[in-house]
């Protein structure tokens, strides 16, 4: 079986759907469905099994102790499960979910000598102006970013002891299908779609941090492209490392709003004051340096904002 933790979530559910498209139905999804609305992300997928994240962790720990675990044979783990709320400041909760849990799965994969492909984050860079996978550029602005950095550091420290593939993906701003459950943490593209559907105008932050209104820029990457990179790495077990996963381009938030307005042929951008609570904790600019990913052999192109958002809107209206 292939395990996808966070498999009912945004990137995880897209991975499950893509594995199904490859003919893989032996997928074990691990998640927490306390928020039952997430089931819709898996409603059109085929699963081999489902386990609650706490039950799965207990079985993994039992296996590591040499005890009976009732786990099926596992050939790879995609570890997408995490608390991804950048406004969450409970550090104990964040480290339990994003650091301690990840450590156990990492050691399990090494024990079984199977691939471990996990979600890191561009939040590890925080206030940096350079987005290269190196410690001198890692300056997280929130405890979420720190929890992801802490695990990346753990991986680096133990790197020489690994016998099986380990790949960390520093996701930049991912958007696309199956993210509706994320609420306020869903992408700007999703929020702009929702605003227009309610008869409102798309809203963006006004001028701030030296940027004109709507011109704060991020590396926006379509979830389908993210899934393609994950699966490419699974297909290339010789590839290991921590890689930025973005497009290599920075595009302004305004480009998303304009794409949504053009798609629906209605509305204009409303600019709002930059929130006080985000000042000093907000990345006004990101652009993934994807040199390391390219050097590893990944050649496929990434969608532009206009291409990706248009495809996303087609899906939302399908």
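Note that the numbers count up from 1, one per residue, in the order the chain is shown.
The backbone N, Cα and C atoms fix where each Cβ goes, and this holds for glycine too.
Features reported for this protein in Swiss-Prot:
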- 10-11, 31-32, 38, 53, 80-84, 97, 148, 174, 182: NADP(+) binding site (BINDING)
- 144: active site, proton acceptor (ACT_SITE)
- 173, 184, 191, 205, 206, 207, 208, 218, 282: substrate binding site (BINDING)
- 182: active site, proton acceptor (ACT_SITE)
Next item on the list: With H, G and I counted as helix, E and B as strand and the rest as coil, say where DSSP puts residue 282 (substrate binding site).
Entry: coil
Next item on the list: Report the largest Cα to Cα distance, in Å and rounded to a whole number, among the residues 173, 184, 191, 205, 206, 207, 208, 218, 282 that the record lists as binding substrate.
Entry: 21
Note to self: DSSP secondary structure for residue 80 (NADP(+) binding site), reduced to helix/strand/coil, please.
What the structure shows: coil
Margin query: Using a 10 Å cut-off on Cβ-Cβ distances across all protein chains shown, tell me which of the binding-site residues (10, 208, 282) has the largest neighbour count.
Written below: 10
Notebook entry, point to check: Given residue 82 (NADP(+) binding site) and residue 282 (substrate binding site), what distance in Å do their CA atoms have, once rounded to a whole number?
Noted result: 20
Margin query: Need the DSSP three-state call for residue 10 (NADP(+) binding site) to compare against my parser.
Written below: helix
Margin query: Using other CB atoms within 10 angstroms as the count, which residue among the binding-site residues 148, 182 scores least?
Written below: 182
Note to self: Please give me the CB contact count at 10 A for residue 173 (substrate binding site), counting all chains in the structure.
What the structure shows: 23
Checklist line | Rounded inter-Cα distance in Å - residue 38 (NADP(+) binding site), residue 282 (substrate binding site) | finding: 28
Check: What does DSSP assign residue 206 (substrate binding site), in three states?
Finding: coil
Notebook entry, point to check: Where residue 182 (NADP(+) binding site) and residue 173 (substrate binding site) are concerned, what is their Cα separation in Å, rounded?
Noted result: 14
Next item on the list: Sort out the sequence-distant neighbours of residue 144 (active site, proton acceptor) for me: same chain, 6+ apart, CB within less than 8 Å of its CB, listed by position.
Entry: 83, 84, 85, 86, 88, 94, 98, 121, 123
